[in-house]
Amino acid sequence: MRVSSLLYLSFSGLVVSSPLGSHVLHEKRDAAPAAWTRHSRAPKDTILPVRIGLTQRNLEHGDRFLEDISDPDSANFGKHWTAERVANTFAPHPDASKTTLDWLQSSGVDLKRVKHSVGHNWVEFSATVEELEALLKTEYHYYQHKASGGFRIACDEYGVPHGVKKHVDFIMPTIHLDGLQPVAQSKAAIQAPVNKTGLSGISDCSTLITIDCLRAIYNLPVGKYNHTGNQLGIAEWADYLYLPDLKTFFENFTNPKIPSDVVPEFISIDGGKASNLSLAKEEKVVESALDFQTAYSIIWPQQTRLYQNGDSVNVDSVGTFNIFLDALDASYCTYQGGDQPYVDPAYPDPNDAPGAYTGPLQCGGAPVSNVISVSYGQIEGALPRFYQERQCREWMKLALQGVSVIFASGDSGVANRYNSGYNNSCLNEEYGYVDENGTRFSPSFPANCPYITSVGATTLLNSSIYGGEKAVASPNGLLSYYSGGGFSSIFPRPSWQSKAVDQYLKKYSPKQYTEKTFNSSGRAFPDVSALGLKLATVWLDKTYGIGGTSASAPIFASVINLLNEERLEKGKGPIGFLNPIIYKYPEMFNDVTVGGNPGCGTDGFPASPGWDPVTGHGTPDYNKMRKVFLDLK
């Protein structure tokens, strides 16, 4: 559907009497996403929760600030910022808040209805559809999601006064429709239970990857240190760690054996619950088991930290990562979350159901780990551009504070299968929306964000641990599993990866692909990879070989945690943002040159010598990484 058939209002020639000037177009939708159908006008008395994102200062300098402390050649390498310095540097100019409030007041909004975020990044109030249509010079309609049947209220375009425009990033709810819960990157590769009850050395790693296999393949040491404050952080959503399984895993699959009473430090965020015997087993999902069992086996005696996000009731929108960011950074929260209506969950939970969280939304206060591993993801094409940009900048702020944030790259090759309601979640070539018949490659979010480290998946090339690795390939219909990778259509390519990516595009990228297939100038991912198939996991009292980039992410995060332990032992600080180091020292990794990541009716990208959008720079060699990391300041 063309734009002209959707847009009913024109801002050309529209003059509104206001000291802030006439209204000008602020945002408009290019076309209706194929997944949604527009219906009737929204009732004028419907009350909408309005969020105005104020433009932050100094964001244009963020890359320079981060490069200054993360480039190994910089004199300021490792001089991480405090949270206070970060908040003060990027806080909106006072004029942004004043101008926005003047506009609201002059338009008839009682300022007693208006609330601010802690960091003055957001303005919040409630308004009727009638008020909001007058304020933004637009019309609101119902939209229905074809696959789920769910409704959203949205407009096609909206405007703000000329004098306000430079102070406002965006306003919600307006043109934006899609909001999806995060999906664990492990469901495609759960195999039948295996007949293994304990460690068997390295003789059978092609059947089941255990800690013995990981140590042999990646030259991992046995952990020695347990520095206070260096717990490996692992974030989970709507998925509970079943502690009896953790105990069984410790008894049978760790070397040296981890005491059976060891449990993660538990951080409950907005109703997140710790699992125990009183919780029914059917509530458990394999993701937490895979994450924690894998990590503990590598980093012990160092501890882990479980960030359990959200209650078990508000699951339709638990997917964005904003409630986690809220808990880490009070300046990111608004009065009701600083998050986007129709995209992020609301807390207190409005659902009247057992288990709904009724306390206030957590706003700051959660301890921040030096390394955070996240095995969840979403579809770039299904979330608003501004939403991803703003959230990505929050990961940048964590990087400035010395936090290494590690995400799984996805399990669907160059496509995205999860949560769209379609078998194929590739994109429409013309508009970039998720489309059942789309042919454009569909990147993952937040794996597309340049301020996190994205991890792809590999498997053994043959039955020997000495034969090398290849990109994971597990064809199985809708459960097919390939290492996620590609190029963002939103975020430009950062300078630290330009040389490596340019080389790949010139030498190895299939020539039949055009800019309609993928954005060759975008942020390329993954950055690295690790084994992601047949990882030993105890789940509901049985042993499985489980796969997914969900396995790869905690493996790589655990490697970084071990390296930080060694740096701390030598009196150095945590390494922080990893990517400039990864691309500067590619020799630290085992290059993976076999395999690909099919999707969208194509063979995807091929793995190649050097960096590639299937396995990144390859898998870790601890001895080589140790030399580089310990030599850094």
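Placement of Cβ uses the backbone N, Cα and C atoms for every residue, glycine included.
Annotation comment: TrEMBL describes Glu287 (among others) as active site, charge relay system. For the recorded site, Glu287 (active site, charge relay system), the DSSP three-state label reads helix.
If you look up TrEMBL, you'll see Asp291 (among others) marked as active site, charge relay system. Of all Cβ atoms in the protein chains displayed, 31 besides its own lie within 10 Å of the Cβ of Asp291 (active site, charge relay system).
Summarising the annotation, TrEMBL assigns active site, charge relay system to Ser550 (among others).
Sequence-distant neighbours of Gly610 (Ca(2+) binding site) (same chain, 6+ apart, CB under 8 A from its CB) are Ala500, Gln503, Tyr504, Pro586, Asp591, His617. According to TrEMBL, the feature Ca(2+) binding site maps to Asp591, Val592, Gly610, Asp612.
Feature annotation from TrEMBL assigns domain 'Peptidase S53' to 208-632.
TrEMBL lists 1-17 with the feature signal peptide.
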| message | Which one is it, among the active-site residues Glu287, Asp291, Ser550, that lies nearest to Asp612 (Ca(2+) binding site) by Cα separation? | response | Ser550
| note | Expressed in Å to no decimal places, the gap between the Cα atoms of Glu287 (active site, charge relay system) and Ser550 (active site, charge relay system) is 7
| Per DSSP, Asp612 (Ca(2+) binding site) is which: helix, strand or coil? | strand
| request: Give, as a single whole number between 0 and 100, the mean pLDDT over the domain 'Peptidase S53' (208-632). | output: 86
| request: Write down the Cα-Cα distance for Ser550 (active site, charge relay system) and Asp291 (active site, charge relay system), rounded and given in Å. | output: 7
| request: Within 10 Å of the Cβ of Ser550 (active site, charge relay system), how many other Cβ atoms can you find? Include all protein chains, please. | output: 32
| Ser550 (active site, charge relay system) to Val592 (Ca(2+) binding site): how many Å between their Cα atoms? | 19
